[in-house]
Amino acid sequence: MASASSSSDSDTGGASPPPRKKHRASAAEGAGEPGASAVVTGLSGIVLGLATHSPHSQATSAIHFNRSVVNNLSSSMQSNGAGQGQESTDLSCLNSAQNGESSTAGGTHSNGLLSSTDNGNGVGTSNGSATGPGSGTSAAPTASGSEVGSLKKKKRLSQAEEDVIRLIGQHLHGLGLNQTVDLLMQESGCRLEHSSATKFRNHVMEGEWDKAENDLNELRALMHSPNAIVRMKFLLLQQKYLEYLEDGKVLEALQVLRGELTPLKYNTDRIHVLSGYLMCSHAEDLKAKAEWEGKGTASRCRLLDKLQTYLPPSVMLPPRRMQTLLRQAVELQRDRCLYHNTKLDSSLDSVSLLLDHVCSRKQFPCYTQQILTEHCNEVWFCKFSNDGTKLATGSKDTTVIIWQVDPETHQLKLLRTLEGHAYGVSYLAWSPDDMYLIACGPDDCSELWLWNVQTGELRTKMSQSHEDSLTSVAWNPDGKRFVTGGQRGQFYQCDLDGNLLDSWEGVRVQCLWCLGDGRAVLASDTHQRIRGYNFEDLTDRNIVQEDHPIMSFTVSKNGRLALLNVATQGVHLWDLQDRVLVRKYQGVTQGFYTIHSCFGGHNEDFIASGSEDHKVYIWHRRGELPIAELTGHTRTVNCVSWNPVIPGLLASASDDGTVRVWGPAPFLDSQEADGLNENCSNMDS
């Protein structure tokens, strides 16, 4: 197809536009002396025996017996030249047991956390056999002379190892496995959290607010920011106030508000809101207005989560820290996965933590699912509707075809044909509600068609002047207005009936876009730039400046990024807010023909573009090299469109007169699926 030249008016300024095709331009430690294993086993039984004998007299006699055994073993080891420097370590373990640091059934555990109800069974193992009431196994086995050997030296844990143990302990505590946490902390020598933090936690959960306030004084010295105490106290008193109100203790609540919260002189706006809760007629009204769960475990746990943010992790771990780290790891793997194109549940229950996250290329829209051949000439444009249920294609054959997308099979079938566009159709725009479709022609077209998609009727045929060039259009987010223009020197804002509302003179427009605020219009012009125009205050400003003609551009859903097809350069990604060039994508062949690229896939993580080398290129938004090249078209691919609702559906329009619909590989066995990869080249590095 030959390039079409466009005229320019001398009074509009700027260089004449380039010729254009159309407007779209360890086992080693256990290998000691023969008696080493037996000695360690004996000591383990001694220590565990202490934990399982509850009568004081039995514990005392066992302690004296254990000391005697340890001294004898130590002397024997020293005489054999083994185990030097290890006695103090194991004695400290015994002393810990003698001082009552072993776990007890019920009450407060050695890790400082409240225990769950004990089932009454003793805890302890010796050589893999359970010891406890009625087990019939002695808790303190004797050691013969042949069993004497070197004791294993207790390994000093690194900071990272201690952190991991604390994270595991916190997670197990959350599961209610408190005795397991006690044993873990006792054996590792770690502490789950500071004793002051433990007291604070318990007092908060029990609703003992005065004691919790006193605990804050102990925590003050452990905190990095002294001002955090005021914030924490405010949160405590707020919970206290709300619980008084729920219990109907209005006078007590009023005293907290006036005598405790207000003197803090912190967050007075919130205090005013809290005071309004005094007017609540009943508890349910209070919960609804305060958006509060009510007195009990749920609201106090949420309070603790907020309080923990002010405490250093060395004092109290952030809530559910292990789950947070695991979730971050899963999300990072997804982000690094080149072909991840589905929305998954953010909970850890939906993934396997035992395997790395990997998406197969067969799940990606790399395979031709359908070839639409109803057009009888070059297809210049294609665009999915906003709800993803339809595809509109425009052609040089003067028709627009609306295709229906089957929600189950994702196959497309012809819905209706819109005829009468004498110059051909080079641009299409769906209204925000998908009720209307606007069609524009190439450079020499001065007409615009506004179709009712539901009925197939032409609502408006607009032409301001026979000398106009209406080659681009963009809908206002309100769906009641649109802007249109071309390269003859102006663009217009019109209503649905084609009535002119505003115009901006002196701008030779290449492409248009309305931002989400409804006030600003972006327009690329023949000065190789994109400027923002505001019809309300009649101001304009420069946003993007390129060194070569901008043939087309599109904007991401959040309005932050713009994707440009630049003549002879290819596809560029710009940050509209920071006004910087983010990335240049490689591979595509782009001359002076108009090619329309698009954002797409889940979370708009991908970018696709046609090319003059007959291919469709796909990039991950964060990578410059293509992750896939789709072959099958036999002439220039003018436009691509990614379904906004179905991430695995992509369409491309070409000068070969066809529209190709791309999707994942069919459900075939692995050998057949591998054979389908002829039209999807893997570009992974």
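From the backbone N, Cα and C atoms, a Cβ is placed for every residue, glycine too.
Because the structure is a prediction, the values reported are computed rather than measured.
According to TrEMBL:
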- 1-36: region 'Disordered' (REGION)
- 1-15: compositional bias 'Low complexity' (COMPBIAS)
- 27-36: compositional bias 'Low complexity' (COMPBIAS)
- 76-155: region 'Disordered' (REGION)
- 76-120: compositional bias 'Polar residues' (COMPBIAS)
- 121-135: compositional bias 'Gly residues' (COMPBIAS)
- 136-146: compositional bias 'Low complexity' (COMPBIAS)
- 372-406: repeat 'WD' (REPEAT)
- 418-449: repeat 'WD' (REPEAT)
- 630-662: repeat 'WD' (REPEAT)
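The DSSP breakdown of the repeat 'WD' (418-449) into helical (H, G, I), extended (E, B) and coil residues amounts to 0 helix, 12 strand, 20 coil. The DSSP breakdown of the repeat 'WD' (372-406), given as helix, strand and coil counts, is 0 helix, 19 strand, 16 coil. Taking DSSP states H, G and I as helix and E and B as strand, the repeat 'WD' (630-662) has 0 helix, 16 strand, 17 coil.
The repeat 'WD' (418-449) and the repeat 'WD' (372-406) are in contact, since at least 3 Cβ pairs between them lie under 8 Å (pairs 6 or more apart in sequence). For the repeat 'WD' (630-662), the mean pLDDT of the prediction comes to 96.
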